[in-house]
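Shown next, in structure tokens, is the structure this report addresses.
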Amino acid sequence: MGQNKENIDVGHLLEEVGPVGHYQRKMLLRIMVPILWCGTISTQYVFNAMAAKNRCMVPQCETWPADVTPGTWGAWALTDDKCRRKEPVADTCSANSFHPTNTQRCDKFVYEHNNTIVAEFNLGCQEWKRTMVGTIHSAGVFVALPLTAYVSDTFGRRVAFIMTAVFPGVVGLARSFTQDYISYIILEFLDAVVGAGVYSSGFVLALEMVGINRRVLCGNIISSTFAVGQALIALIAWAVPYWRTLTRIMYAPSPFFIVYFFLIEESVRWLLTKGKKKRAAKIIFKAAEVNKKKLSQETIRLLTEETPVEIKQTDSSNPNPENSEPEKMPAENSNPDKKVPENPKPPSVVLQVLKSRVLMTRLCICAFWWVTVTFIYYGLSINSVSLAGNSYINYVLTSLIEIPGYALSVVTLDRFGRKKSIITAYFICGISLFALPFIPKSMVWLQTSLNLFGKLCISMVFSSIYVYTGELYPTGLRHRMLAACSMTGRIGQMTAPQTPLLMAYMESLPYILFGLMAGASGLLMLLTPETLRVELPDTIEQAESIAPAKERPVQLD
């Protein structure tokens, strides 16, 4: 006969241990260090592949190395097109040595500096190769999300966190020695694949060790730490601009994170779902001791007896949709000889969604939100180095402005509602970015302010739609629908690095596009229902019933 299982409420257990005691604070601080480091390497490509002013080299008039500012001969040897020069008719350097109308494409370039891969790999007049670095990195992130989720759910949050912190060191340091463009982008892709999961795995590990009422605070601390890391890379790049040296400095700490196998504990929630009660109990007793808390006799009995436990889920919110875990241990069949009547197989997830017009509409709208928010969020960071003024300071400010954006999300969502808060943020973001190109270049402070205001608003949206999107779907589909929207949103992240190419046609085009997409997303949000103080739906019918009156739920067969 199989043993009867007993329920264990992990939320209540964490409250007993202390929702945010000294033990949790110590673990959180340790988790924040790799998160901070992850923030620095997540957008290093912005500086490694930063545009460098260049012009055609004219062998008839100069020798290598040459200065990017030409001499007086530039008037008769060069053209307004930085990719072409006048066709030489003699080997001398005089006004008569170049054809007055015929031109030829440059085969060699002179660069303002040799700090980035643009000069090192001679990418002059190949802007698409420069911007492709960011797209390749984002494609690696796209692959990393499900890969990290699999490792996290199968082998543990701690294992995923440490592996994704250690492995990038090998790839990143190897990239610093590459001698050609193809090798560089291959290693850029692999770097993102093995390292982009640091944030998501650390986020889950941190949130699963605190009580439910502290999750929002803890999540915002993690997000803010990442933002500080993004600002830090700009300061380091300012001090050490040469890309090879910068890369080696940034990736040098990575191998040392192996010591985290001795510094952090596994998620108690994950251990219990995997039936590893002894390991979970050891961590819980240690946390209670450090927090100076006394566990109840019932809790001690549940943790020390051999009886298997089943997690009782008291909070349906999932801190990270791309890295969730099953909440129940597989049930044992107490009588293997007894035939269990077969239940009809439930319809697949795809069929359930396809049969519901309401859910299909929401899925399409949510996917567009996510594409918009990642497109604008990463696009603003990447294009900030092209704004007037100091590129490094612009990037620092663009990164740090995220922190008040996250805080604003916490303050407004529960006070004014999900829809009003997010729609307002979308519209303000759209207006700010759409207006930015029409500001005179002499008003640098106003241009920077509008860019920062747009980034603040889109950061608030980014934080908010995680909550709002999950509240629109029933429990059985919530994780998969939210993950589908989030994964679709990575299209925006992969497209964002290409926006500097639009400046060749119209300098203000990226910001006009950002503003239009933000406005469109805000208008689309009018078609979805408010979820403030609404119980999370458990069935498709309940999810459809929170729709506005004009939506007619389609009943499933």
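Yeah, the Cβs are placed from backbone N, Cα and C, and that goes for glycine too.
Per TrEMBL, transmembrane segment is recorded for 27-47, 159-178, 184-207, 219-243, 249-272, 359-380, 392-411, 423-440, 452-473, 509-527. As annotated by TrEMBL, domain 'Major facilitator superfamily (MFS) profile' applies to 32-533. Summarising the annotation, TrEMBL assigns region 'Disordered' to 310-346. Look at TrEMBL and you will find 325-342 tagged as compositional bias 'Basic and acidic residues'.
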Stretch contact, the transmembrane segment (219-243) with the transmembrane segment (359-380), Cβ-Cβ under 8 Å, 3+ pairs: no
Closest-packing stretch to the transmembrane segment (184-207), where packing means Cβ pairs under 8 Å, from 159-178, 423-440, 452-473: 159-178
For the transmembrane segment (452-473): best-contacting stretch of 27-47, 392-411, 423-440, by Cβ pairs under 8 Å: 392-411
Chain residues outside the transmembrane segment (392-411) and at least six past its termini with a C-beta under 8 angstroms from it: 46, 216-217, 220, 223-224, 227-228, 230-231, 234-235, 237-238, 380-381, 384-385, 421, 425, 448, 451-452, 455-460, 462-464
Proximity verdict for the transmembrane segment (159-178) and the transmembrane segment (359-380), three or more C-beta pairs under 8 Å: no
